[in-house]
Amino acid sequence: MNGKPAFDKPKVELHVHLDGAIRLKTVLDVAKRRGISLPVSMEEELKELCTVNEPATLTEFLGKFSHFMHVIAGDREAIKRIAYEFVETKAKEGVIYVEARYSPHFLANKGVEPLPWDQKPGDITPDDVVDLVNQGFKEGEQAFKTKARSILCCMRHMPNWSMEVVELCKKFHKDGVVAIDLAGDESMNCESYPGHKKAFEEAVRSNVHRTVHAGEVGPASVVREAVEVLKAERIGHGYHTLEDQNLYKQLLHQNMHFEMCPVSSRLTGACEPDFTKHPLITFKKDKANYSLNTDDPTIFNSTLNSDYEVVQKYMDFTEEEFKRLNINAAKSCFLPEKEKEKLLNQLYEAYGMRKSTSF
């Protein structure tokens with residue numbers, strides 16, 4: 001990062017994958033401790049293996065996780081460490097509140113069918129994973145003063161995990177977990193995979209907040225399904241919502257929150273590479289409710305400042321717009337009302353705004 005960040009004030013981040021934000025040095029450390037051999041031994045070499053620097057396909061991007069997830073998954077110390085270090089990283093980026101998402105099943109090695117990352121069976125269940133991440137986040141918050149909460153992900157290709165995910169959301173509802181998410185291949189719709197619909201219905205019944213990856217690479221119909229069938233309160237990405245103007249207008253009217261990830265959207269091929277033609281420009285023009293987020297900073301070799309710089313440089317974002325979108329992020333976050341109020345007050349104070357200032 002050269003010089004001053006694009007927005008040097010407190011920020012809120014709502015869409016970042018914990019397992020897409022792991023320090024590569026940590027991967028090397030843990031591999032050494034666990035006696036896991038990697039094809040490379042230097043951080044720079046591992047970076048070359050794990051990052052996407054030019055627009056790729058979503059499949060190529062997802063393939064990057066297989067280079068390091070097997071090192072972290074199924075190891076108590078490692079899972080807690082990545083959570084703790086995540087909070088440290090976010091604090092350095094000026095984030096005062098972050099919602100990190102992950103699939104508890106992808107970090108477990110017991111009670112998961114099939115076992116991910118070709119692991120041997122062990123003793124860490126998805127339930128243990130949530131507990132370990134919570135510990136790391138709590139210690140991180142004490143050390144770095146940045147508050148982190150979890151969103152647990154269902155995976156589109158694993159509908160048989162989804163009911164377990166919602167049960168974990170319920171179990172840890174008062175302990176660090178604020179919502180449920182659905183991630184993965186958008187072509188796998190909920191009609192064909194009813195496990196997700198069932199889980200999200202249970203989430204609605206149990207007052208578990210809901211966000212859904214939709215309209216990232218998939219069409220606007222996936223966004224409609226997320227809102228109408230899964231009762232999503234926020235949309236992860238949602239760029240392709242613009243292809244259905246009626247839906248877009250309806251969601252604008254409903255003040256639906258869109259978790260925007262500009263750097264990610266270019267590198268996964270979700271949007272065309274030219275940032276000056278990005279859908280976010282339309283969302284900004286229409287004063288939509290959205291946030292700026294990194295998504296998977298390790299894989300994109302980015303920080304939150306990268307996203308702020310990109311929109312400042314190519315989409316004419318101003319300091320005022322940065323304030324507006326962070327206030328919107330805080331208003332749309334999944335914290336309990338009292339904590340949300342406190343977060344908003346922190347932002348109003350830091351931004352020199354009176355509480356009544358409305359955008």
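Including glycine, each Cβ sits where the backbone N, Cα and C put it.
As recorded in Swiss-Prot:
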- Glu216: active site, proton donor (ACT_SITE)
- His15, His17, His213, Asp295: Zn(2+) binding site (BINDING)
- His17, Asp19, Gly184, Asp296: substrate binding site (BINDING)
- His237: site 'Important for catalytic activity' (SITE)
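Each of Val16, Gly20, Arg101, Ala183, Gly236, His237, Glu259, Cys261, Ser264, Asn293, Asp296 belongs to the same chain as His15, His17, His213, Asp295, is absent from that list, and has a C-beta within 8 angstroms of the C-beta centroid marking the Zn(2+) site. The record gives His17, Asp19, Gly184, Asp296 for substrate. Within 8 Å of the mean position of their Cβ atoms, the other Cβ atoms in that chain belong to Leu18, Gly20, Phe65, Arg101, Tyr102, Ser103, Cys153, Ala183, Asp295. Residue pair His17 (Zn(2+) binding site) / Gly184 (substrate binding site) shows a Cα separation of 12 Å. A separation of roughly 5 Å, to the nearest angstrom, links the Cα atoms of His237 (site 'Important for catalytic activity') and the residue listed as 'active site, proton donor'. Here His213 (Zn(2+) binding site) is compared against the binding-site residues Asp19, Gly184, Asp296, and the shortest C-alpha distance is to Gly184. For the substrate site, whose annotated binding residues are His17, Asp19, Gly184, Asp296, the maximal Cα to Cα separation is 14 Å. Gly184 (substrate binding site) and Asp295 (Zn(2+) binding site) are 13 Å apart (CA-CA, integer value). Listed in sequence order, Phe65, Met69, Ile72, Ile82, Tyr102, Ser103, Phe106, Leu107 are the same-chain residues six or more apart from Asp19 (substrate binding site) with CB atoms under 8 A from its CB. Separation of the C-alpha atoms of Asp296 (substrate binding site) and Glu216 (active site, proton donor): 14 Å, rounded to the nearest whole number. Between the recorded positions His15, His17, His213, His237, the minimum number of other C-beta atoms within 10 Å of a residue's C-beta occurs at His17.
A simple Cβ count within 10 Å picks out one of the recorded positions Glu216, Asp295 as the most packed, and that one is Asp295.
For Gly184 (substrate binding site), the count of additional Cβ atoms within 10 Å of its Cβ stands at 18 [all protein chains shown]. According to its DSSP assignment, Gly184 (substrate binding site) is coil.
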